[in-house]
């Protein structure tokens with residue numbers, strides 16, 4: 001019997017005799033508590049919704065295949081990259097960041113770009129965005145970002161004042177804000193945007209030699225974006241425009257592809273790098289650290305059930321494989337805790353047993369975690385009645401020392417170091433990015449900024465103009481004109497008392 005032909009039962013298999021008429025005392029009487037199907041149906045319904053992600057709540061996803069096209073074994077011994085032509089099953093989830101599950105896809109926002117590779121050495125999660133940088137470089141600010149871009153506690157509305165007050169309080173945010181206000185702030189859809197690992201990671205080879213790397217994913221469909229006006233028209237008729245585009249393209253066999261590249265920096269180069277190479281608000285220039293092709297991935301299968309695969313997909317940067325490692329990037333270090341902890345809250349401690357999260361490349365039957373019990377431990381028989389402690393006489397839970405990573409370079413005493421004393425080069429890179437734009441693209445940055453700052457107080461607008469001017473005088477003048485503010489009325493050389501310097505006092 002096919003699934004389409006199956007007759008209705010309860011969750012424990014009991015046949016349901018009537019799904020349309022409740023059991024009552026007489027034809028018009030009150031309901032009886034012994035109507036077990038009604039009770040079951042409603043109690044299940046009352047619990048259908050799980051907590052949504054605090055960020056990246058609105059998402060779309062698909063399964064696919066990653067294929068190695070170039071040899072990078074001199075940098076890493078990760079088996080996923082071991083030979084040209086090697087293929088690995090994967091899952092990708094794209095998302096907006098600030099909006100809730102019902103948010104419109106065509107909003108001006110960062111896009112999440114999360115990849116899960118089911119390798120033979122375990123799952124590798126690369127949790128990135130469609131931008132190479134972020135708003136700040138210390139994870140202690142992450143909760144504040146969440147609050148600033150989400151709903152105001154009094155009005156329960158998204159508030160541009162909160163948003164821009166926070167962004168302009170952090171001069172290092174200008175790089176990301178410039179990208180967000182540019183044409184790339186609203187991708188046409190998910191297929192026509194690049195992706196970035198954003199953070200600095202590391203690779204090591206069989207000799208234990210470590211290099212620092214950044215991951216890039218360039219769309220093979222080309223870059224296409226939306227103006228504010230076109231995006232507004234799309235949102236008015238289709239709030240799921242990007243999700244619809246991805247799903248329908250895959251359904252008709254028009255499979256999207258991205259090419260994976262890495263940038264490589266040696267440990268010696270990192271020591272001599274002009275800026276902190278682990279600063280998430282900055283990029284590595286391509287002329288100094290060129291893109292090196294690695295492979296490509298193709299998304300070729302839609303999930304059969306959105307909730308099972310997309311909503312329950314759990315990504316965490318702690319899911320990393322031999323041959324790959326972390327870096328001193330403070331934001332990455334913060335996410336090593338936050339992501340897994342959020343998934344355990346949202347999905348439960350055993351969320352790794354959900355099919356989309358299982359280590360398919362290893363096989364669930366071949367893993368041997370030390371964890372036991374917990375809510376919904378169902379897949380691996382809870383390791384049965386065997387030995388559940390270590391050390392023991394059977395060799396169970398023995399370590400695998402052949403997978404030890406090379407020593408991780410660190411230096412200095414533990415202390416709350418002032419990041420602004422270490423690096424205050426906030427404006428060089430956003431200035432270079434601005435100057436790369438065509439004249440028309442610059443004008444759109446000015447207009448988009450003015451649109452986004454509607455309703456924001458003048459003091460915050462002036463703060464943003466000052467930062468833009470420090471990046472490039474033309475940038476500051478253009479934003480000032482779009483906002484209707486006389487740039488000559490602004491002290492362009494100094495910060496006022498409402499800046500980040502005051503926040504730290």
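Counting begins at 1 with the first residue displayed.
Cβ coordinates come from backbone N, Cα and C, glycine included.
What Swiss-Prot records for this protein:
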- 56: active site (ACT_SITE)
- 129: active site (ACT_SITE)
- 339: heme binding site (BINDING)
- 1-25: region 'Disordered' (REGION)
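According to DSSP, the region 'Disordered' (1-25) comprises 3 helix, 3 strand, 19 coil. A coil conformation is recorded for residue 56 (active site) in the three-state DSSP classification, outside any helix or strand. With the fewest other C-beta atoms within 10 Å around its C-beta, 339 stands out among the recorded positions 56, 129, 339. The residue listed as 'heme binding site' falls within a helical segment according to DSSP. The CA atom of residue 129 (active site) is located 15 Å away from the CA atom of residue 339 (heme binding site).
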